[in-house]
Amino acid sequence: MASFAIACVKYLLFFFNVIFAIAGLAIVVAGTLLQGVYHNYSPFVVQFFKFVPILIISVGVVVFIIAFFGCCGTVKENNCMLSTFASLLIIVFIMEIVLVIGTFVFREEVKGVIKDRMDLSLTHYATDLDVRRSWDFLQSDLHCCGVNAVDDWGDDIQPTCCPNLKSDEKCMKAIAYQTGCIDVIFTLIDQNIVIISIIGIVVILVQLVGITFACCLAYSIRNDYETV
């Protein structure tokens, strides 16, 4: 009966590690996609936040390596590898809790930084090609205009503020997007923070299961070894 229970834990732990490895690859993909988003909106992102995609990709790689390590320990029934795997999971577990909490704590600070960058970049629209491209892409993509509203452009409303505008037409306030881009971005931030936090909590709970399975299997293997 005990050997059957150990076998069940072993297969469950192996299955967990496969899922964990897939999650690691998904994190790498998410970081890569975020890198592309940052490229389009680079004038609005401070230098510090430009390292976030790299950090996310690094976390994904680490998660994949840990999962691979756990698979090897499970297949070989190696007590040392399983104990190391459980320890690494605990470290990642603590880091994820800190990140989830930090996401909520520093949300308003991040919003403030983004707004300051947008206000500053708007003043360089006419002189900086990268800023112009980013603003044009932002307004066309998010269907918004200016930082706070269309009035930010004064009498020189940019063509990207108006939907379906022909090349020979001038963008007028009456037909321009009335929502400021900062409001749209803040809404997206709030929505994504909720989604990321839910995913983070689910991953944390799954990791707790993995830690429990790894410790149980390592304990069983050690007991069998001592009995022999």
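Glycine too: its Cβ is placed from the backbone N, Cα and C atoms.
Per TrEMBL, the features are:
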type	residues	note
TRANSMEM	12-34	transmembrane segment
TRANSMEM	54-73	transmembrane segment
TRANSMEM	85-106	transmembrane segment
DISULFID	Cys144-Cys181	disulfide bond
DISULFID	Cys145-Cys162	disulfide bond
TRANSMEM	193-219	transmembrane segment
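Other Cβ atoms within 10 Å of the Cβ of Cys144 (disulfide bond) number 23 in total over all chains. Spatially close to Cys162 (disulfide bond) yet at least six residues away along the chain are Glu169, Cys171, Met172, Ile175, Ala176, Tyr177, judged by Cβ distances under 8 angstroms. Cβ atoms under 8 Å from those of the transmembrane segment (85-106) belong to residues 62-63, 66, 69-70, 73, 193, 196-197, 200-201, 203-204, 207-208, 210-211, 214-215, 218 of the same chain, restricted to positions at least 6 beyond its ends.
Cys145 (disulfide bond) has a Cβ environment of 28 other Cβ atoms inside 10 Å. Counting only residues at least six positions away in the same chain, the Cβ atoms of Met118, Leu138, Gln139, Leu142, Cys144, Cys145, Gly146, Val147 sit under 8 Å from the Cβ of Cys181 (disulfide bond).
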